[in-house]
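First the structure, in the form of structure tokens, and then the observations on it.
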Amino acid sequence: MKRKLAENESSDIEKTNDAAVETTKKNKKSKHGDFSGQEITRLKETEALFHSSLFRLQMSELLKEVSVKLKLQARVKEAFEALSKMVKGLSVGKVHKITDREWLQSKSIKVPLIENPASVKGVFQFLPPVNVRLSGSFVLDTAVKPDVVADVVMEIPKESFNPKDYLNQRYTRKRALYLAAVASKLHKKKRIEDLKFTYFLGNPYKPVLLVTVKGSDSKSVQLCLHAVPETDTFRLSRFHVSRNNVRPKWFLGKAGSGAEFDEEDDSLLPATPFYNSNILHDLCMSTNDSFIEKMLKGAEGLSQGIKLLKVWLRQRELSQGFGAFSSCLITAYVVYLLMTKKLNKIMNCYQVFRTTLLSLSKADWTSEAPSLYEGKQDRSQPAVDEFRDVGQSVFVDRTGYFNIAYMMTPTFFARVKHEAGLAIKALDHSHHNCFDVLFMTHLSFARSFDHIFHINLTSELIEAASKKVVDSSQKEMDLGGHLNILLSQHIQIQLSKALDRRICLVQPLLSVSRKWNISDEPYSFNEENHLTFGLVLDATCAFNILDKGPLGNPGNPEAKEFREFWGEKSEPRRFKDGTIHEAVLWTSSPCQSDRRLVCKKIVKFVLERHCGVPRRSVHYMAGKLDSLLHLNLASKNENLIYGTGEEQSLAVIRAYDQVNRALRALTSLPLSIHSIQGIHPVFRHSDVFPALPAPVGADDISVVSGHVVPKEGKSLPQFVPAMTVMCMLESSGKWPEEAEAIKCLKALFHVKMGKELHEKHLLPVSVHKTYVDVLKDGFVFRLKIANTRELAVLRTVVTDSGMIKFRETEESVALEKEIIALPHLTSLLHGLQQEHPAYSATVRLCKRWIASQMVWSLLREEAVELIVAYLFIFPHPYTAPADPSVGLMRFLHFFVTFNWKANPLMVNLNKEFSEEDLTSIPKDFMKNRATLPSMCIATPQDKTGTKWTKPTPSESHLQRLILLARESLKILESQIMTDYLSSDFKLIFRPPLEHYDLVIRLLKKANVLAHQSVDGPHEVPACVEEKSLADGQPLPVIEFNVARKYFHDLQSIFGDVAMFFHDPFGGNVIGMVWKAQATEKKDFKISLFPYRKPIVCENEVINLELQKESILDDIRVLGGGIVECIECPKQL
């Protein structure tokens, strides 16, 4: 349907244009009287084809920014003419043997080709090119900045080649010698500033010469010099994909000097499709270039659409490197769509962009290969099936002989198809800023894949691994000895088969073309010391611990194939339906953290069994940050499993469900409980370290009135958090009209609730005026009774004149969050966790990073949870994270790149935003921006976006968070991609302390959460015994954390003069920064006397100056028995 719409859009535009122009002529004084006909047409076209005028404006500005300016075009043409004149004027060279290098060594020039084997017959003589022409994007007006390199094609005279030069790399070596000869003659020219070699699209068979030419205006231009033969130098049929043009005896060195010309019957020899395609690329270049230029001539919309597509590909790192989806391919594909009438020349750039992506998202370049060839297929031309059998993607060129996509594997095309599908989904979200998603967001390899692993390569490993490849010697011969490429392709095939439904994509990190000086040895792919691969997981299947195979019948060939593939891992298993299947069990652990690494076990097993890569050479990046969420339990209870906390969250929720049932059964309250909802982060699966069962039975405690009391002189008790649960009572008109009376009545209800829970349900309780603490399965739940009447009373304000007004107060805002906003948010985020299993670990890892940077107090927990939720609800340009590590990187990147000043973050929880909301919220935000906080996170329940971001973070705090996130992201991506062998992955979780004015170090004995710290002992000190889980135990010491209380005291006492920073999860450091306003001299006022002393200024005016030494002394006194030392990185 969408394709039909795309085909008919142009006719609709023409009708709209005609109608608009005619209407304007007839009604000059209509409501559009101030607009011209062209402007009206543009408005109608924008409404029909674009998301908004802003989106159209952004695309127009992008095209202006990336398009090559007229001055640069003129500079390129002038440089081309100068270079063309130089090249055509080069003299004829002497005749040399192909293996002779003395004539180049005298000029310090190296041949830009890896010659393997070294010996080959034939002679080479340099002849000036018969033609030099501009080619590629500059001719088509599709070049995009910033990397502007114009392609220049030199046609080598066919007299330079012998009839048999297609054999045994003689053509490729002559081509490389031709470029070396040109370089040797150009490097002394005055206008030539620099000469470098590189590989075209990373192909080691395709060296090109990069020439930097100085323009007449002293500005340089870079030209890429290609060398190709004349079109009729060789017969195209000679390079059929099924034919052999590299003789095995010559390549493998198993014969004498005559080895090149035996085995004349190549039908019995192994095919060399890659080698053949490289020569066909050069032979067919002129034909394909002229056809594409003819098709795109005069079509501005098509050329602009291609520019947008190039920007889109470049931002996703899809257009550079060996086997990439190059700009040549995307241009040819647009021409193919034009031939098949899915595009037309009157379409605008947006229509071309969208239609091309839509076609790519549905394309299959193996079963339904596109083709530029229109004639009747000749017998000598390969059939599509023959192209497909080679194992690469297929896109047939204009001649019908050449596969344009011969370097691209099906797995890489699957990535392009996947990205195109995501782009279309982003475009369909009309109310999101899809322009930034499509064109402005750079997708690094580290953030694009859920799992990344590296394979360290050695010459011994490569040799051993190549033996695992079927027909490895033949494929090595076809690739010219580049075993890294062969191994990479083999690994992709094996992993795709092994991981199957567990993954959406598997892709290697493409080797980007390197540049080297003309006097240096050519770059060899075999010099790379590692291969890198990325996996995009399918979260619905990726974490399955069992691979179920075919029926385990002895004569079943599928079962035999399954056993051969999985080896000793495969075993017959009986399933619930009674059938016996071959199956592979990867882990028996119930921990989610272990299940997330099932793919790691599969990858290492398959690489060792089928690729010859030992496990020690595989470095898997997933799970590197799990230790930051892990706790080692000193427990004899085998059923108590922590992992990275998911299982412990579920244990808390199971205990909560039992308390919930007990609360539902209460009969002593005069009003029934309408709803029960936990509001602690653990109920949202976002508590960084979910609570452990409270320990009892230790020798250093005593029990007084059912409560645990630590003995004097013993260590501090283990921290036991209280998880708040709101119990909303049904509505009633009998509630008092005064807030204090309501509080007293609630206290009575708490007494009744605690008494019944203790007497009828045998639960240990501790009753307080504002809450009831209940112990269940070792977890403490803090029950609070709430009612909506109290909220209404708190909002009622009586003025001095006796008028009653309703307005928000600090108390009412806090209560509204507690009884309405938090329960609703908890319910929604709990549902999000059920849909996305990685949400819990991701949000907790993000919180752990924020806390570790000692900025926990600058950003509310709920704000972090909503930002991470947004990454799962609207993950574009990615899929939803399936691993917490990549989720953290995306969180950091989003935090840095999102424009908090210009846009509200709209988190569409449960898809409850209406169309009107999606339009009105940004408008209201811009209208009231001056009065709104620095960060606004809008939800369907909070459309202003201020509930969780007011009063913090302030603008300066937000900039501090952004700075920390930017630097942490750089370090983490570098560790994952390059420094993975020696990296300490906890580095970004250690805060810099040199920027603080004071650093307060706490005693270890005062830190009851030391086991949660980044570098501390991760073993919980108290032993959790079986009896600690029994009901009826005494209530432990609840919410007792000396370090946290000391930190809060510092904030409350000295908060007017300084800011304090602390990691609440085991941090043993408190940082302090003086407030700038506090350090200034103040007027002499009694109210400003605390911690200030009077001083006489130059003009004999008495002011007050801050006494920093007195504050330091009080901090030390206040921290007696808690503080180890106080450091001053800066002078007071």
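Placed from the backbone N, Cα and C atoms, the Cβ positions cover glycine too.
Remember, TrEMBL labels are computer predictions, not curated facts.
If you look up TrEMBL, you'll see 1-17 marked as compositional bias 'Basic and acidic residues'.
Feature annotation from TrEMBL assigns domain 'Nrap protein' to 151-297 (among others).
What TrEMBL lists as domain 'Nrap protein' is 303-441 (among others).
Summarising the annotation, TrEMBL assigns domain 'Nrap protein' to 447-611 (among others).
For 626-834 (among others), the entry in TrEMBL reads domain 'Nrap protein'. The average per-residue pLDDT of the prediction over the domain 'Nrap protein' (626-834) is 88, rounded to a whole number.
Summarising the annotation, TrEMBL assigns domain 'Nrap protein' to 836-991 (among others).
Taken from TrEMBL, the feature domain 'Nrap protein' applies to 993-1125 (among others).
Residues annotated as region 'Disordered' in TrEMBL: 1-35.
In terms of DSSP helix, strand and coil, the domain 'Nrap protein' (151-297) has 62 helix, 32 strand, 53 coil. Summarised by DSSP class, the composition of the domain 'Nrap protein' (303-441) is 72 helix, 3 strand, 64 coil. When the domain 'Nrap protein' (993-1125) is classified with DSSP, helix, strand and coil residues number 41 helix, 38 strand, 54 coil.
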